[in-house]
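One structure is given below, encoded as structure tokens.
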Amino acid sequence: CHLIHYLRFSHHLIVLNYIIRTFDKLKSVSSEDINITDAVFDGVEVRVFQPPAKRDERLKRSVVYIHGGGWALASARTSLYNNLCRIMAESLNAVVVSVEYRLVPEVCFPEQFHDALRATKHFLQPDVLAEYSVDPSRIAISGDSAGGNLAAAVCQQLSKDEHLTIRPKLQALIYPVLQAFDFNTPSYQQNMNMPILPRHVMIHYWIYYLNGNSDLAHSLLINNHTALDVGQALSFRGHLNWTSLLPPSFKKNYKPVIQTTGKAEIIQEIPALLDVRAVPLLAENETLQLQPKTYILTCENDVLRDDGVMYAKRLENAGVEVTLDHFDDCFHGCMIFTIWPTDFSAGIQTRNSYIKWLDENL
């Protein structure tokens, strides 16, 4: 990314996505037993994976899936996500709807959130569920990384919509990115230079998503945007107090990084840093109490580990039934790496555990 940016090749995310999709054309994923179709749900493109109907079967369960990629990369149509959703559809005998939301730099927040919300609400309409033979009481919303962020934000929004008659039974979040308040949690400090997703890359993803200035990256890294003198952040501080939300095994010997004097103008320039639609971990307890039964998968070698663990604890404190599925030997993004030449045991292990939970609870 940095080389492409240095050479000034358009926007480096556009170039990187082009490379990903060009390489992806070399891959072929079989889908003989699953009917895969593309559709448009309220103006949003989706890919639908449907298992064949079984004798005497009336309605199927379903998963709305939102892919990761820093709100900027990948696609529901790439082989990695196509393969994941196909296997989910086969293993669960479920209709899987994979949302093809628009990406940075074409659009920025809140458009990705709006796309995911519109597609999900469209699917939850009784007549649409009937068209796909889906049981309205057995629907999950799920996603990985930035898709986990969108899934959590959409689930929170749906829980507050008084006009909805059908809501998800479950949410399943895979190493979700849930906060931009503190870039010095123990997992951010421990894994700051970890391949796949180092800390500075995650900070830049946030800046791109929220349409901020890249010059602010260093100030965000040292938490200048949430210093003690930044009044807008004060009311949210307790929601992300990792000293009380994380178990000792995760806190280790790391210390909080809290600046006394910071830069309030960062929040003024990028107000979405404190918008719960972008940062679901900032939600109030009243919203968390409304969330469905939840699964959160985290990996030890991941800057986002503590985002998921803190959200699990806050949901649990709010009375939600939560399964925290933590993997000590896995890394961010591993669950989609199950196709040669990136067919890692970590990917198979996490994917099987995730699908097993869905099978037992959906």
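Even glycines carry a Cβ here, placed using N, Cα and C.
Because TrEMBL annotations are produced automatically, they should be read as predictions rather than curated entries.
For the domain 'Alpha/beta hydrolase fold-3' (63-221), the predicted model reports an average pLDDT of 96. What TrEMBL lists as domain 'Alpha/beta hydrolase fold-3' is 63-221 (among others).
The active site annotation in TrEMBL covers S145 (among others).
The feature domain 'Alpha/beta hydrolase fold-3' is assigned by TrEMBL to 275-335 (among others).
If you look up TrEMBL, you'll see D302 (among others) marked as active site. Around the Cβ of D302 (active site), the same chain contributes Y175, S187, N191, M194, L197, C330, F331, H332, each under 8 angstroms and 6 or more positions distant in sequence.
The active site feature in TrEMBL is assigned to H332 (among others).
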C-beta crowding around S145 (active site), within 10 angstroms
29
